[in-house]
Structure formats: C-alpha cells, structure tokens
Ligand code: GLV
Ligand code: MN
Ligand code: MN
Ligand code: MN
C-alpha cells in the first residue's frame, strides 16, 4: 500500500485544492464567493462535473428522484450496505466556496485516494451530493437528505416557488434530465453510516487554534413565514388613528423580539433574512408585510417556547395596529445527537492521525441531521476565517481543507475495512 513513508495512507492535498478551485469557478461571484443555488443551471453544471470526474476514475454514477447524486466505488462484499460520505454542492446567493463543496470534494478525494492506491475495501463507499441543502431558493433546506431519509418527496414541495419565480417541480425535472449517463435508483437505499466534512461556519476552532472539530450533534431550527396584513392608504392624508399599518406592527414586534430572545438566552438565535412590503409604493401605507424568521436552539423544549413567544408578540402587535396575522411554519428540524459509537470512531481517527480536536455541537444545520434518522451519522468540522460563512469572504486555509479530507479518509478506513 502506497503511503507517505509512515504506514499511513494520505490524501492528495494538491488535487483536493485544485478541485475546490474548479468547482468555485462554477457560479463564481466578483467578490470571490459563489452563487450556485439549488437546481439552477450552475448547480446542474457542478453536478455534471462531479459525475464526469467520477466516471473518469471508473466509478458508477447514480441519481435518485430528488436528484441526489451518488458516485460509487465498489467494495468486495456486495451484501454490505455502503458507507456514504459527502455533503452538498448548492450554495447561498452570496455564498462562499467551501460551504458544501468542501465536504463533497473531501469525500471525492477519499474515493480517488482509495483508487490511486488500489485499496480494496470490504464495504462499498459512495460519495453523495445532496440536493438543496441551503433551502434559500426553495424552502425547506435539506430537501435531498430529508427525502432520502423519508423515502418520499412531500407533494407540497412540487409547487414550491423559487424567489426567482421558478417552480420546484420544473427545476427538479430539468436537473434530473440534464445529468448525462447517471442510472436512476430509488430513494433511501440502506447505508451503514454517513460521514460529512464541513466548515465550522463559526469562530471557535480558529480561536482555539484547532484544526478539527468532531461534531456530536446539531441544534434545532425552525423557519416561519410571517405575513401581517393591514390596509393600504394614502401616506399624506391618513392620520395615525385611521391607519392599519402592518409595517408599524412588524417593526414594533421585531423590536420586542430582538430585545427578548437572544439577549436573554445566549444559546438562542433569531434572524430575519427576508422582508418585503406590498404594494411597495413610496407614498402608500403598505397593505401587507411578509418576512422570514429563522430560529435556532440546541434544546427542543426551548425552541418550542421561543416559537410560542414569537407568535404571541406578533399577534399582540398586529392586533394593536388593527392588522391580521398569518404565520406559516416552513421548516421544523429537531436537534440531532450523533451516536457515541460513531463519534468515537472519529476521535480515534483524529488521535491516530495526530490531529488536535474538540467535540462540539453544530450551530448550522446539515444533511447529516436527516441521515442520522436512518443510519448512524457524524461530522468533521474544519476552522474557517473569522467564523464567517454564508458570505463571499468565507475562507478555509489549505492545510485545514486537507486535514478535513485526511480525517475523512482515516475515519472511513476504520468503517470499511480497508
Ligand atoms: C444551512 O446552511 C443553515 O444552517 O442555515
Ligand atoms: Mn453547508
Ligand atoms: Mn450553508
Ligand atoms: Mn448548512
């Protein structure tokens, strides 16, 4: 077995970095980031590139009905369910080069390294690129991993409209049709385990000077879409007592919530990422305002209490302003805890490979949260500069990208019997 002279199989770091550059060029933004949102032409290009690279190395390429893409390297025992490794290739609208792509390409690097050295594994290893992890073009997020874990695609998703007006059902059909030469397979086949490398998307590893985080779980997320409806009327002639102004209700309720939720519970998160007014005329009181709320907490009960508090504050402020309130829950992702046994495999791999690490809970959600419902799953985090992600300036040092791939290789070898 070829190695670096110390008995240890090594990934090809240069190749991994070149692949990261190659994928970052698809949807590259002028500020050095990536805009490659789910099921767009650019997302399809990235999927095709991964499929082509896989085919060139002699791997088989599959997709499933939600357009999850699989690159499969056969093991010796066809009766063993495969080990799945990967992440996603879609990005935020002003996303970085590493969120998703790093994990997908570390996984592909593991497959290529096994191939380079002719390593025969008992178990098949498959790389996956899950569809629409981000959820920013079509809600909810993690559609690919959710459908995989449920073995079905919820009917309601078909009519989901993108922020750019496109229909989910059309974009999915086109994405499936565009991928050349991939065999179709059913949703949710048996797997032995799932491992995902990802950037931390927060500052703690960098601050503590650690190359690796071993993720023991993921905090919960809920997404709400709020519409407050009032009455549109003339901006110049309508006195305060005649107004049913949904903007006033939105601003006053959000002020209360901003002061209430995060300052009182440092583990909680509250974000308004989207806000729109109808009809959007400079000289008319809006008829309605619609905004999104992203709420997170590591504890399910707290998440429930936060949502209840939000609904009450919104209701009170809407009523005070003579407005109506509609709250639509778009996404409810309970916190996940990864199995101790698999987390221990990662810790052993880190110790053997000499990587300093810490155990941590993920603040961002990931496909591993859903796959953990059907098979043991766990994650490896790498540091990122200033903890910045969902931002074009997102940056991971080359040495940390390579450490992520090396950790994934070492952990995978323990699980597949290489
Ligand atoms: C997904 O990327 C999220 O955690 O928002
Ligand atoms: Mn991601
Ligand atoms: Mn993301
Ligand atoms: Mn994510």
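Cβ from N, Cα, C; glycine included.
TrEMBL labels come from automatic prediction, so no person has curated them.
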Report summary line: Zn(2+) 2 binding in TrEMBL involves 99, 390; of 74, 126, 134, 320, the partner in that site is 134
Report summary line: Across 88, 198, 390, listed as binding-site residues, the smallest other-CB tally within 10 A is for 390
Query - Entries of 99, 134, 390 (binding-site residues) sitting next to ligand 2, with Cβ under 6 Å as the cut-off - result: 99
Query raised in the report: What is the separation, in Å, between the Cα atoms of residue 99 (Zn(2+) 1 binding site) and residue 390 (Zn(2+) 2 binding site)?
Result: 8
Report task. Could you round the CA separation between residue 134 (Zn(2+) 2 binding site) and residue 88 (Zn(2+) 1 binding site) to a whole angstrom and send it over? Result -> 9
Query raised in the report: Per DSSP, how many helix, strand and coil residues does the domain 'Peptidase M20 dimerisation' (217-320) have?
Result: 43 helix, 33 strand, 28 coil
Requested in this report: For the recorded Zn(2+) 2 site formed by 99, 134, 390, name the remaining residues of the chain with Cβ within 8 Å of the site's Cβ center, in chain order.
Outcome: 91, 92, 95, 96, 100, 133, 136, 201, 364, 389
Query raised in the report: Near ligand 3, which of the binding-site residues 88, 99, 198 have CB less than 6 Å from any of its atoms?
Result: 99
